[in-house]
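Participant: In case it helps, TrEMBL gives these features for our protein:
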- 23-187: domain 'DUF7134' (DOMAIN)
- 31-52: transmembrane segment (TRANSMEM)
- 58-78: transmembrane segment (TRANSMEM)
- 85-102: transmembrane segment (TRANSMEM)
- 108-125: transmembrane segment (TRANSMEM)
- 132-154: transmembrane segment (TRANSMEM)
- 160-180: transmembrane segment (TRANSMEM)
- 192-219: coiled coil (COILED)
- 329-372: domain 'Histidine kinase/HSP90-like ATPase' (DOMAIN)
- 390-432: region 'Disordered' (REGION)
- 421-432: compositional bias 'Polar residues' (COMPBIAS)
Amino acid sequence: MDDDMVDWGVEQPEAARSGWRRTRRWRPSTADAALALVYAVALAPLTFFEVFGSAARWPWWSAVVVVAFLVLHGSVAARRTYARTAFVVASVVMLALATASLPGLPSFAVLLPSSAVYLVILYTASAGGDRVLDLAAVVVGLVGACLIAVIGLLRGVADPQPLVVLTGFVLASVGAAWVLGRYQRESRRTAAARRLAQAQALELEMQRERERIAQERRRIGRDVHDVVAHSLAVMLAQAEATRVLLGRDDDRARESLDSALAVGRSAMVDMRGMLGVFDDAGEPAPLKPGPRLADVARLVENSSSPGRTASLVEVGEERECSAAVHAAAVRIVQESLTNTLKHTHPPTRTEVRVEWGPDLLVIEVSDDGRGHVAEPGVAGRGIRGMRERAEQAGDGFRSGPREDGSAGWTTCVRFPLGPDSRSTTRSPRVYG
């Protein structure tokens, strides 16, 4: 009967509050007024019949009791909108009725049918979450039971057993109403806490999903940037070399043009694979092997052109490592070579050094920096992408001017290798 009470003792999430408002049909005052009318129609006639029928010789006394019960019925209409006022008024009426016995009636007026309305007021006080009313409900119940017992003894009851039964009945009724109210309040509090936890869990899940989407967007952006920027840089370098060689060395010019075409075709394949994730057909894109360190040799070869020399040096025993290390290492080398092609002017020499240690893989890309313009403190998309990849799979990253002060740029990244990494013995190799 009290589903519209809002003081649940737990802060409600906005979604839960709005949902509750949508499902509520009646305002508390309207619902309580209707409830008061129902109780009055059901109980008041029986009470008034008992009062006027048994105490006809005392009309003024009967009128006082009837007015008291009318006030008690009326307090139900304000049990939630004016909870404290309704409880105080109803309690005063019940304590007065507990001390009153109508002339001609064999029992206390508090046992008349309309007295049951007070249990509704008591239940509301206990369920409403108001600590003052909750404590007052217990006190009033105990005081009322004691008054009945004391007044009964003072009236000289011949047989105390009915008085004991009456007192116990009053205590049991008051206690039952109070316990039901507490149970309803705790049930609401538990349900509200559960809804709040569900709302918070949903919000956390949505936040995680937003973060996952943002990370995926950054990953796709890095991949697209790496493929497009590197391919365009290589193609421009090869086109520039072709322009220089035309009419001087047509064979080398043709080789340079073929290399540019091969890089362009490879870039188209890579782009088609990455854009496959946006396919609306609903079918998962076919899995494609990720970059491997073996691809570094091809990257170095494509970056070489007339006036630009790129070489690869591998030192140590090659060890197996995770796919994340393979992908990060290849993309960092690719971006470093791209930066060399974009920010230097020929002639330029670039060296890619891959050094395998017992538990560490070190990759260093350095150039002699002819025409390289360094901007301290300013990191472009490429350097940011390399740093993010190094943070995810590596154990240290640096990209900046050469430490020895000479012209050029160096990018160095370190990748830890797991203790179970297996080694493949191979002698140092030099390409370029």
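Cβ from N, Cα, C; glycine included.
No curator has checked TrEMBL annotations; they are predicted automatically.
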Participant: Let's see if you can do this one: DSSP helix, strand and coil counts over the domain 'Histidine kinase/HSP90-like ATPase' (329-372), in that order.
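Facilitator: Going through the domain 'Histidine kinase/HSP90-like ATPase' (329-372) residue by residue, I get 15 helix, 17 strand, 12 coil.
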Participant: Across the domain 'DUF7134' (23-187), what does the pLDDT come to on average, as a whole number?
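Facilitator: PLDDT averaged over the stretch: 78.
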Participant: Under 8 Å, at least three CB pairs between the transmembrane segment (85-102) and the transmembrane segment (160-180) (pairs 6 or more apart)?
Facilitator: no
Participant: Do any residues of this chain, six or more beyond the ends of the transmembrane segment (58-78), have a C-beta under 8 angstroms from a C-beta of it, and if so which?
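Facilitator: Result: 29, 32-33, 35-36, 39-40, 43-44, 47-48, 51-52, 85-87, 89-90, 93-94, 96-97, 100, 102-104, 109, 112, 114-115, 117-118, 120-121.
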